[in-house]
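These notes are about the structure you will find just below.
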Amino acid sequence: MTIGDIAPKKERKSRKSKHVVDEKAPLLPKRQDEDGGFDEFNGASFTGAVFNLSTTIVGAGIMALPATMKVLGLILGVALIIFMAFLTNASIEFMLRFSRAGKTSSYGGLMGDAFGKYGRILVQVCVLVNNIGVLIVYMIIIGDVLSGTSSSGVHHAGVLEGWFGEHWWNGRTFVLAVTTLGIFSPLACFKRIDSLSFTSALSVALAVVFLVITVGISIIKLISGTVPMPRLLPAVTDMTSFWSLFTVVPVLVTAYICHYNVHSIDNELEDSTQIKPVVRTALALCSTVYIMTSIFGFLLFGDATLDDVLANFDTDLGIPFGSLLNDAVRVSYAAHLMLVFPIVFYPLRLNIDGLLFPSSRPLSQSNTRFALITIGLITVIFLGANFIPSIWDAFQFTGATAAVCLGFIFPAAITLRDRHFIATKKDKILAIFMIVLAVFSNAVAVYSDALALFKKNPGPTA
């Protein structure tokens, strides 16, 4: 069965009392017995599921959050981060409730149950657009951090170039090739998402390392009196500045997107009743990291905070061992993204298999298909990262649009469709609110980004 299969799955409370036949599916639950496989796997643990979901949530978006504080101010910015966490929890709760009612085991299956074949295809296409864009961005950032970049016209040295000087072996293409072959490819070969729980825990730990260093630098500068008072509220002086507030919404939406992995994690849980506590724990953990990163990142750099706060760590921090701390921040973040890569890659492979081979046998049973899809996707991502020097503008238009569909519009549409008649009046009001907020804010954000892009790159005049 592929990601798009909408065949019913048996409701289950705990897997401990069930025969191992339900646990031989590393990708998605099967409906029939299989020979061989993962007989020893009795279900993923609560902790492993939390780490996998947290790693799905915390990606490159964390680096843009301090810039949202610059636009919104600390009070409104923190309030919106918390609000988006609650809204994300509500959208995932919609997904889980309607999945149980329709006995579906995937996001594509859930959309297929509500809207038929084209609903399933639509969610698969959105996952492809979002995840391929995200993974190319991850690889570009890793190349920028380790090997440097000249995409802005000015060369910014990477960590390896700063340490060893400029050589062929620390050039961008070679470093990304080694990273792809030595790290991405092996981690992408796991057929069960629970196999990534250890690397996910390490990834979360690296995000915490980045946070601890940022907090430490901020405290040192606070004690020395070199940190100005940050702005608490947005500076709205005209309609342009008012509309610009909405440009942060795609950043906040993208920061919490994890919906495409919820079913995979739920399918492998030892006790499926734990999925809601898993979601809430992961959201609480990530929200804490997001809030602290936003506050201390903005506190550290103030109005000089860049769209990608990592770029701010390329300057003199004005404290002892500042250069060492800069390198520690950048290296820990690059390592974090390396370990996030397989978690985002996992649903990408499932969805493209479901899109291309909707009637084929399970991907876990076809090593040839599994290998070809894995190699093909990694090759596309590698080439994209090498031949597209900077895709931030494209990512804002494609990734953010697909992300808002996956995170809010699709779950809300499923609730309004209410094929199983289980949605309450409150559910439908919240669903309408999600859709209106998502469509309006993203339309304004895309318009503002397009306007800024055209102003930055004016066409030739007569």
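Glycine is no exception: its Cβ is also placed from the backbone N, Cα and C atoms.
Please treat TrEMBL annotations as automatic predictions, because they have not gone through curation.
Annotation comment: TrEMBL describes 1-36 as region 'Disordered'.
According to TrEMBL, the compositional bias 'Basic and acidic residues' annotation covers 19-34.
Annotation source TrEMBL lists transmembrane segment at 41-65 (among others).
Here TrEMBL flags 44-448 as domain 'Amino acid transporter transmembrane'.
Annotation comment: TrEMBL describes 71-96 (among others) as transmembrane segment. Listed by sequence, the residues of this chain that lie at least six past the ends of the transmembrane segment (71-96) yet keep a Cβ under 8 A from its Cβ atoms are 65, 107, 110, 230-235, 244-245, 247-248, 252-253, 255-256, 258-259, 262-263, 266, 275-276, 279-280, 283-284, 286-287, 290-291, 294-295, 298, 407-408, 411-412, 414-415, 427, 430-431, 434.
For 121-142 (among others), the entry in TrEMBL reads transmembrane segment.
Summarising the annotation, TrEMBL assigns transmembrane segment to 173-190 (among others). Proximity of distant same-chain residues to the transmembrane segment (173-190), defined by a Cβ-Cβ separation under 8 Å and at least 6 residues beyond the stretch ends, is recorded for 26, 139, 142-143, 146-147, 160, 196, 199, 338-339, 341-342, 345-346, 349, 374, 378, 382, 385-386.
Feature annotation from TrEMBL assigns transmembrane segment to 202-223 (among others). Same-chain neighbours of the transmembrane segment (202-223): 51, 54-55, 58, 62, 285, 289, 292-293, 296-297, 299-300, 317-319, 325, 328-329, 332-333, 335-336, 339-340, 343, counting only residues six or more beyond its ends whose CB sits under 8 Å from a CB of the stretch.
Among the features that TrEMBL reports, transmembrane segment is placed at 243-262 (among others). A Cβ distance under 8 Å defines the sequence-distant neighbours of the transmembrane segment (243-262), meaning residues of its chain 6+ beyond its ends; these are 52-53, 56-57, 61-62, 64-65, 67-68, 71-72, 77, 80-81, 84-85, 88, 91-92, 95-96, 107, 127, 130-131, 193, 234, 236, 275, 279, 282-283, 286, 290, 343, 346-347, 351, 396, 399-401, 403-404, 406-408, 410-411, 437-438, 440-442, 444-445, 448-449.
If you look up TrEMBL, you'll see 282-301 (among others) marked as transmembrane segment. Distant neighbours of the transmembrane segment (282-301): 50, 53-54, 57-58, 62, 65-66, 68-70, 74, 77-78, 81-82, 85, 88-89, 204, 207-208, 210-211, 214-215, 217-218, 221-222, 227, 230, 255-256, 258, 309, 312; these residues of the same chain sit at least 6 beyond its ends, with a Cβ under 8 Å from one of its Cβ atoms.
Per TrEMBL, transmembrane segment is recorded for 331-348 (among others).
Under the heading transmembrane segment, TrEMBL lists 369-388 (among others).
What TrEMBL lists as transmembrane segment is 394-417 (among others).
Residues or ranges marked as transmembrane segment in TrEMBL: 429-448 (among others).
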Outside the transmembrane segment (369-388), six or more residues from its ends: residues with CB under 8 Å to it: 132, 135-136, 139-140, 143, 172-173, 176-177, 180, 184-185, 188-189, 191, 345, 348-349, 352-353, 357, 360, 363, 394
For the transmembrane segment (41-65), sequence-distant contacts whose Cβ falls under 8 Å of one of its Cβ atoms, 6 or more beyond its ends: 15-16, 20, 23-24, 26, 81, 134, 137-138, 141, 192-194, 196-197, 199-201, 203-204, 207, 251-252, 254-258, 261-262, 265, 268-271, 274-275, 277-279, 281-283, 285-286, 289-290, 293-294, 297, 307-310, 333, 336-337, 339-340, 343-344
Cβ contacts under 8 Å made by the transmembrane segment (331-348) with residues that lie 6+ beyond its boundaries: 3, 52, 55-56, 58-60, 63, 127-128, 131-132, 134-135, 138-139, 141-142, 145-146, 159, 179, 183-184, 187-188, 190, 193, 196, 199-200, 202-203, 206-207, 209-210, 213, 260-261, 264, 310, 377-378
